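Here is what TrEMBL says about this protein:
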- 81-272: domain 'Ion transport' (DOMAIN)
- 373-630: domain 'Ion transport' (DOMAIN)
- 43-61: transmembrane segment (TRANSMEM)
- 119-137: transmembrane segment (TRANSMEM)
- 174-197: transmembrane segment (TRANSMEM)
- 245-269: transmembrane segment (TRANSMEM)
- 358-381: transmembrane segment (TRANSMEM)
- 393-417: transmembrane segment (TRANSMEM)
- 429-449: transmembrane segment (TRANSMEM)
- 469-486: transmembrane segment (TRANSMEM)
- 507-527: transmembrane segment (TRANSMEM)
- 605-627: transmembrane segment (TRANSMEM)
Amino acid sequence: MERPAPPWGALLSQCRWWERYRSINHRVDASSLRMYRWYYSRICQWGLGLTIAMVLLLAFVERPSSLSISSDPWLRSPPWEPPCGLTESIEMVCLIIFSFDLASICLNHCHILFRPQSYLIVISFSIIDWVLSVSMVCDEKLRIRRLLRPFFLLQNSSLMKKTLKCIKRTLPEIASVILLLALHLCLFTMIGMLLFAKTEDPKKNEEWRLHFRTMPDSLTSLLVLLTTANNPDVMIPAYSLNRAYSIFFVAFSVIGTYCLMNLLTAIIYNQFRGYLLMSVQTSIIRRRLGIRAAFQVLTCKGAQQAEAQQYADVGYMDREQFRKIFDELDKDRIKEHPPLPQYNSPVLQRLQVVFSHYYLTILGNAVALANVMCICTILVLNSEKSIAERDNYIMEIINLCFILYYMFEMCVKIFAFGWRGYLSYRNNIFDGFLTILLLVLQITIYVTYRLPYSHWNPSSHGVMSLWEMVRLVNMLIVFRFLRIIPDIKLMALVASTLLDLLKNLRAFAGILVVVYYVYAVFGIWLFEGAIKPPPEISVLSNTTMENITSNFSMECGTYEQLGYWPNNFDDFAAAIILLYDVMIVNNWQAFMDAYSRYTTEWAKIYFVSWWLTSSVMWVNLFVALILENFIYKWDRSHSCSVTDVEKIRYESSVQLIFKEQIQEPTEEELLCQLHQHPHLDLH
């Protein structure tokens, strides 16, 4: 049955709190709705996000502090340690805010949507641990509440919770492949120990001595080979004796690295995509339910108003029209460019046609490419010269000519499109900002060092030397060359995919932050101060790194020989960088070997678990999301021009990517759920 359409202001004010795919199962009285709107207001959510960021960033300041220039134990100066009570006061303020957050949510819908037990336990335990810290004058060995801080980040994002559920659901399939990997690893380990057993000839024992001496050494060598980090080093001693030994290592890598590891990627992609589709389906049902409830409430009010006021001419809107309105509101606004300015003079009109043509942009790209090529040529010619030997005269003249052309291009585009039209294009904003910045730097160079002449004196006349200023100009020119990206279809498609990753993958970045945070805290607890420079080297603090390295010899490829001293667990920032290096898996065996030698063999479990979590789980999940996003854009871009690629970016939210696979709920399903609402009376 169609109902009279209420005024638009009332419609939007009644429905706007359901437009973010949230559940409608909350109290709907006036005071509760005011609190609900206040809680989900931009200022409140930004404040809560700032509080979460603040409590997470405390790890960089707390003991052991990361506030030093270098993490190298040879070069590191004593970091600034905050006085007792400073970080604790900030943390207590954050905990109070989290307590208010818990109370605000519970007042509206904790009985259905939100289970406060975990939130309450984390806050309570954090306060108890905080009291113990203050009572011990901040001299406690462990701050257990550090491990609990990432919970606040997870709690504030529903998509992060869905991602965790997705990972949990994928674990059985992943575990089956990992079990197969373990079987593959154990099988080849035993075969390797049989192939490379110790012989009577010492010359033939190099492979045994380096990689297959014991069962743990054999497992570690082949596990690292699975990541290709020690290839071909691990097989060189055996391969030098007999080329047939390469079959063992090639077979291991083909089966493990190229088959089983890629199969793991496929499983994660398939399982995640299926679960994300289910999650999006649930979100769509929530949205349709909210819109249907709004329509039901507003039609009742509209009918009452129509009967009371006796409208003579009343407009009507059915459910489908009402839903389509919100479908349109759900789309990002596509920015339209203002009309071109009008000129009366025929000459100006002809010039406007010329300067607004696409060929001018192509010419500008060609000129930018020529500028970059000139810089590359000069850099190659001066690569062996010191700063004092370089003559910046030619480079300055070349840069001046190109910058003048950039100014000319910017001015004629402003003439052709007008100020508003010029600024309506994002690439023009990027291009114009860098052009003005280059002009300011060029003027600063001439004011400081006068007009260019051969053999300019590169000595510093101010904050920056001439070479530093010229180098900055060249960097900006190279960076400006990125303006070609929107004009090449495939590059524009890839760039828009990367931009969408920043918009749609915040939840996954949050999961990565949580994992990094937890492992960094555990790493500091387990390995802080475990690796120290040898005493006879520590006293040589004024010696250069090259001299220090040459004064002692260690086995090739080890932590000490490679000079990995800055990579340690002595503070939170250093721990984050070390975990990143292990995630990349390049030479990660050096870190695992060093910490197992300086502490215990059980340290390998920490590094292997981090490799499985970060490099195997999260990186594959990230690859799956990139594939899904890019395939969606690629399929839609075949019939599009370069200018249409930007429009696709407005339709690449998670909900719209899976639009074709989503099943719309039926009217009966919506009404059934509406009648189950605990606070909404539709009669």
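Backbone N, Cα and C atoms are what each Cβ position is placed from, and that goes for glycine too.
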Listed stretch, out of 119-137, 358-381, 393-417, that has the most CB pairs under 8 angstroms to the transmembrane segment (429-449): 393-417
Feature contact check the transmembrane segment (605-627) with the transmembrane segment (245-269), CB under 8 Å, 3 or more pairs: yes
Intrachain neighbours beyond the transmembrane segment (43-61), with Cβ under 8 angstroms and 6 or more residues off its ends: 67, 82, 87, 90-91, 94-95, 97-98, 101, 146, 149-150, 152-153, 156, 513, 517, 520-521, 572-573
Stretch in 174-197, 469-486, 605-627 most in contact with the transmembrane segment (358-381), if contact is a CB pair under 8 A: 469-486
Intrachain residues whose Cβ lies under 8 Å of the transmembrane segment (469-486), provided they are six or more past its termini: 364-365, 368-369, 371-372, 375, 392, 395-396, 399, 402, 406, 426-427, 430-431, 434-435, 437-438, 441-442, 444-445, 448, 492, 495, 642, 646
Folded-back contacts onto the transmembrane segment (393-417), same chain, C-beta under 8 angstroms, at least six residues removed: 337, 340-341, 351-352, 355-356, 360, 364, 367, 370-371, 374-375, 378, 424-425, 428, 431-432, 435, 438-439, 442, 445, 452-456, 470, 473-474, 477, 480
Residue numbers, six or more beyond the limits of the transmembrane segment (605-627), whose CB comes under 8 Å of its CB atoms: 167, 174, 178, 223, 227, 261, 264-265, 268-269, 272-273, 497, 501, 504-505, 508, 511-512, 515, 519, 522-523, 526, 579, 582-585, 588, 591-592, 595
